[in-house]
Amino acid sequence: MTGSPPAVTIDGGGSDVWGTEDQCHYYYEQVSGSFDVTVHVDDIEDTGDWAKAGILVRESLAPDAKNAMIRHTPDNESSVQWRPDTGGETNSTTQSDIGNGTSDGDWIRLVRENDAIVGYGSTDGSDWARVCRLPSSRIEFSDETYVGLAVSSFDWGTLCSATFDELSGLSPEKNQDIGNVNPAGSVSTSGGSETPTETEPDDTETPTETEPDDDGEPIDSGTYRVRNENSGKALTVENGSEENRASLIQQPYQGRPSQQWTVESLDDGSYRLTPTHSGKAADLNKGRETNGANIVQWDWHGSDNQRWNIEAVGGDVYRIRSVHSGKVMAVSDGSEDDGANVHQMGWHDTASQRWRFDGDTSEPATEEPTETPIQETSQFGLDSGFADPAPWLDDSVSVRTVTEPTRSAVESAIGGSGPRVVVFETSGTIDLGGIPLKITVDDCWVAGQTAPSPGITFINGRVQISADNCVLQHIRSRIGPAPNGDIQGNDSVNTAYDTHNNVIDHVSASWGTDECMSVGYKTSETTFTNNLVYEGLYGPYGDHTDHHYATLVGNDADDVTLAGNVWAKCRRRMPRLKTGSSTAVVNNLAYFFDGGSNMDGDTEASFVGNRYIGQIDTGDRVFEGGNAYMEDNTVTEPPLDSDTPKYSGNELDSRPLWPDGLDAMSSSAVEAHNLANAGARPADRTANDQRIVTEIRERAGNDRLDSPYDYWIADHNDVGGYPDLPENTHSLTVPDSGLREWLDAWAKAVEDPNASPP
């Protein structure tokens, strides 16, 4: 009598089976022709939202091989994904030819029949529902393929344990890591035996840069401040964060633990660099080997991307070279500015790639006392623009409390007459039912910062200020496709026609089908600061509308301020300035676009210190039309063609308008500043906001500049659909005096990771 197949436990690491290359552990065999494999996913450890375990067919064992997978995630959902071409982008089904392309069961099945790949799901292993069918026109495999079970943790440096049972149609004997995975994965069966892991060939790239003469002394283990030779500034963990994947930047040395590095000699002659405040290690993010890959901190696991060779390049100056990639730590763009990012580049012996190790870690008396301290929150406050934020606010105004995450509760609080402040004792997702939520009575402050973590997110409807003298802070709006199938006017957030003196600050706005965040027509004194605006939808109704835009400033909108915002993954309008408008566009960051800012002929604008990254066509101007003063606006990664000017309009010699309270920073400091501060609750970001910030830091779209629709999104379901936030509660004690200061303190508590609520 034959018993059930043994249970299989796979411990797999890697950042994901996704994108253009995979990282996972694979238990497989080589198969000729058709196959029909079923398995029950008994358990998968929750190491991340997209940790996955499933059945995977691959053309080869190379990380970028074409493949198809039916995957099961910790939330017990199964779906199909595939990479149609070697080195191509991975797709997945959230909408397919049956239902929504997913299965709630934990039984999965992958079949190859008649040159098609078919994925099924089941709750009992008997009744199978088809999730997706991929014909050969969508993905075509050779006769010989690899078929097996795969596990990826979605958290590089961490293993995810998944247990499978009732495997049929497959008898795997080999297993190995796919891609750059650390720690290494493994396979064991219910009999307790461990399957030997295959070893991948060593394909480590040998650095081709010129090696320096070693004419200096080696570094002794100890604690140092590490200073860049070019700027004199110190290697620093951004915002003093203790979280994994916090970026390394440069800042003036202030004697902070996040600027003090323990240098430890390892047994292979390399070094570990540990910031003393967190105890983590300097880490080459996700083990990337490309120029510009970010340097972050991560829990120590000892892999090569956490090991650094510290090599003398003359006297007491050193380069810090990754054992994994052979590239060196460098300050981005050779910048001397506070907050400039630190990443890896090939060695070119420039000052921004050289570092000094100073053993005296006390705050130096020789440094200028006027240097700016590390900036914990944004440079741009509510009063940075032309608007006068809430001039009506005093300690006598009505404070209205939202205690449940429903549309009716919010409408009740923002409605009625008289000045009012709206605060939140609940978090959660609020479905607007496809109908705009409008503030229609003057003098209203919506203080999303007062909500418990993770805050308030509005979905399925626009949030609009249709009144004067209002402030909207620290909320998220993700509109998505409108029920009526319309495009026009379906912004995630905007101000309405003929409104005045309004501020929108620290708001996240995404998935619009017109713009994502806009200023209304015939408005005045409108300020947009520190907002995270991203992922307009190019095909929300199944067509190619191409209306995935960022920000529009309407006709005759006077005295508009756009400062410290981030625009990402939108096709154009970063921003669009319409006829008769006047706008100060200062220190904004734009990423992955096919047209920067276009201005009508009679507009006036001051563009100062903006940074544009990821222009699709380097032969196109980024700024077109209008009458504009241009100063320190950077276009990079890639730069424009040498014969392409940045601006084609009437360039002014002086600023036509400028708010009194606005101080601009250098464009080289904008990326680090804005990514640390933009959007709702930057110290308490939700998954989508953190995802887009990480994508920008890692230049996730830069390998798709020739095929931008592979990176832009057609529909919100392409990135997981509407969020469902937990409904947490807390009690607020509103002070009898100092209401404005109390609101500011709550804002700081969700902006500064080191701050606490009042």
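Cβ atoms are placed via backbone N, Cα and C, with glycine included.
Model, not experiment: these values are computed from the prediction.
Annotation comment: TrEMBL describes 69-105 (among others) as region 'Disordered'.
Residues annotated as compositional bias 'Polar residues' in TrEMBL: 88-103 (among others).
If you look up TrEMBL, you'll see 171-244 (among others) marked as region 'Disordered'.
Counting only same-chain residues 6+ beyond the ends of the compositional bias 'Polar residues' (177-187), those with a CB under 8 A from a CB of the stretch are 8-14, 17, 21-27, 58, 61, 63, 150-151, 156-157, 159, 194-195, 197, 200, 286-287, 301-305, 324. Positions annotated as compositional bias 'Polar residues' by TrEMBL: 177-187 (among others).
Under the heading compositional bias 'Acidic residues', TrEMBL lists 197-218.
Annotated domain 'Ricin B lectin' per TrEMBL: 221-358, in sequence order.
What TrEMBL records for 356-385 (among others) is region 'Disordered'.
The feature region 'Disordered' is assigned by TrEMBL to 630-663 (among others).
Under 8 Å from some Cβ of the region 'Disordered' (630-663) lie the Cβ atoms of residues 292, 333, 379-381, 383-386, 559, 561, 563, 582-584, 586, 596, 599, 604-615, 618-624, 699, 702, 705, all in the same chain and six or more residues away from its ends. Over the domain 'Ricin B lectin' (221-358), the average per-residue pLDDT in this prediction is 89. With helix defined as DSSP H, G or I and strand as E or B, the region 'Disordered' (630-663) counts 0 helix, 9 strand, 25 coil.
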